[in-house]
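**Student:** My questions all concern the structure below.
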């Protein structure tokens with residue numbers, strides 16, 4: 001058996017920034033640091049930060065006065081921001097800048113009274129934060145997940161509509177929903193480029209190439225990671241068995257029976273150490289070598305807030 005590695009895979013710039021914000025806050029201010037929701041959707045990352053003194057909460061009422069609070073990479077609603085401002089808290093925002101871009105699109109629509117339709121997954125924290133940027137009762141904010149949702153949707157004014165998307169969706173599925181929106185509402189206005197982020201798009205392209213050459217695909221990522229789930233689904237859609245795994249310990253030998261080539265990739269919130277552990281586990285099971293495929297180069301970096309840059313640490 002041989003191992004093929006998707007390229008790119010693993011951490012994106014937004015995840016890297018979010019984790020760095022928590023790590024630097026811990027270095028500067030010391031534990032405990034409170035984080036609203038899991039900073040990124042990866043069990044290993046969250047457990048590691050928890051061991052260092054991060055406390056993950058869902059309600060700001062759980063945070064004591066005078067504490068440090070960090071918003072997760074998924075973003076928060078205007079109501080959550082207002083609640084945090086009303087408290088004696090020092091707040092750092094780890095929202096991915098590409099999610100913030102979508103927030104600004106929604107806020108702009110809200111100010112204009114333009115009805116807004118978000119393509120996204122119900123219950124996902126990014127969706128909750130994005131929907132929570134709209135507060136104009138004269139307009140409206142709607143969530144759709146599928147073309148069927150679009151055809152059932154009723155709006156106030158079909159001539160005053162715009163749409164935006166969650167950043168971690170399936171590129172193919174989203175294209176189908178956008179086609180339905182344009183067919184149902186011909187006057188609808190969308191972003192110049194859809195809001196699915198570069199990392200999501202690149203990793204889906206990479207897993208498509210990987211699946212073409214692999215007999216089975218292993219996706220390193222947690223079950224609550226939207227982008228990791230999309231990678232597994234995409235590999236299955238092109239006809240290859242695919243398994244979403246949190247760690248090397250999840251691998252079942254039965255998955256590898258009769259396989260010559262094992263494809264390995266990782267979601268945008270999965271650290272490389274987990275991929276290396278998967279490679280080691282596969283070698284113990286008889287795989288030889290690990291070849292990385294040629295892929296799209298990524299060199300995007302998002303800065304942490306200036307208060308957390310190491311060269312300006314002033315708190316003892």
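Glycine residues also receive a Cβ, built from the backbone N, Cα and C atoms like all the rest.
For reference, Swiss-Prot lists these features for the protein:
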- 12, 96, 197: [4Fe-4S] cluster binding site (BINDING)
- 41, 74, 124, 225, 226, 227, 269: isopentenyl diphosphate binding site (BINDING)
- 41, 74, 124, 167, 225, 226, 227, 269: (2E)-4-hydroxy-3-methylbut-2-enyl diphosphate binding site (BINDING)
- 41, 74, 124, 225, 226, 227, 269: dimethylallyl diphosphate binding site (BINDING)
- 126: active site, proton donor (ACT_SITE)
**Student:** How long is the line from the C-alpha of residue 226 (isopentenyl diphosphate binding site) to the C-alpha of residue 197 ([4Fe-4S] cluster binding site), rounded to the nearest angstrom?
**Tutor:** 13
**Student:** Taking Cα atoms as reference points, rank the binding-site residues 74, 167, 225 by distance from residue 197 ([4Fe-4S] cluster binding site) and give the first.
**Tutor:** 167
**Student:** Under 8 Å Cβ to Cβ from residue 167 ((2E)-4-hydroxy-3-methylbut-2-enyl diphosphate binding site), same chain, six or more residues apart: give me those in sequence order, or none if nothing qualifies.
**Tutor:** 96, 98, 99, 102, 126, 195, 196, 197, 200
**Student:** Roughly how many Å lie between the Cα atoms of residue 227 (isopentenyl diphosphate binding site) and residue 12 ([4Fe-4S] cluster binding site), rounded to a whole value?
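**Tutor:** Distance between the two Cα atoms comes out at 11 Å.
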**Student:** If the [4Fe-4S] cluster site is taken as the center of the Cβ atoms of 12, 96, 197, which further residues of that chain fall within 8 Å of it by their Cβ?
**Tutor:** 13, 14, 15, 73, 97, 98, 99, 167, 168, 198, 199, 200, 268
**Student:** On the three-state reduction of DSSP, what should I expect for residue 226 (isopentenyl diphosphate binding site)?
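**Tutor:** The three-state answer is helix.
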**Student:** Taking the recorded (2E)-4-hydroxy-3-methylbut-2-enyl diphosphate site as 41, 74, 124, 167, 225, 226, 227, 269, identify the other residues of that chain whose CB atom sits within 8 Å of the mean position of the site's CB atoms, giving them in sequence order.
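**Tutor:** The surrounding set, listed in chain order, is 40, 126, 168, 224, 228, 267, 268.
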**Student:** Under a criterion of Cβ-Cβ distance under 8 Å and sequence separation of at least 6, what residues of the same chain contact residue 225 (isopentenyl diphosphate binding site)?
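**Tutor:** Same-chain residues close to residue 225 (isopentenyl diphosphate binding site) (Cβ under 8 Å, separated by 6 or more) are 41, 42, 267, 268, 269, 270.
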**Student:** Per DSSP, residue 74 (isopentenyl diphosphate binding site) is which: helix, strand or coil?
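**Tutor:** It is coil.
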**Student:** Using a 10 angstroms cut-off on Cβ to Cβ distances, just flag whichever of 41, 74, 124 is the loneliest among these binding-site residues.
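**Tutor:** Result for the binding-site residues 41, 74, 124: minimum number of other Cβ atoms within 10 Å at 124.
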**Student:** Pop the Cα-Cα gap between residue 12 ([4Fe-4S] cluster binding site) and residue 124 (isopentenyl diphosphate binding site) into the table, whole Å please.
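**Tutor:** That comes out at 19 Å between the alpha carbons.
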**Student:** I need the most crowded of these binding-site residues: 226, 227, 269. Count other C-beta atoms within 10 angstroms of each C-beta and give me the top one.
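**Tutor:** Ranked by Cβ atoms within 10 Å, first place goes to 269.
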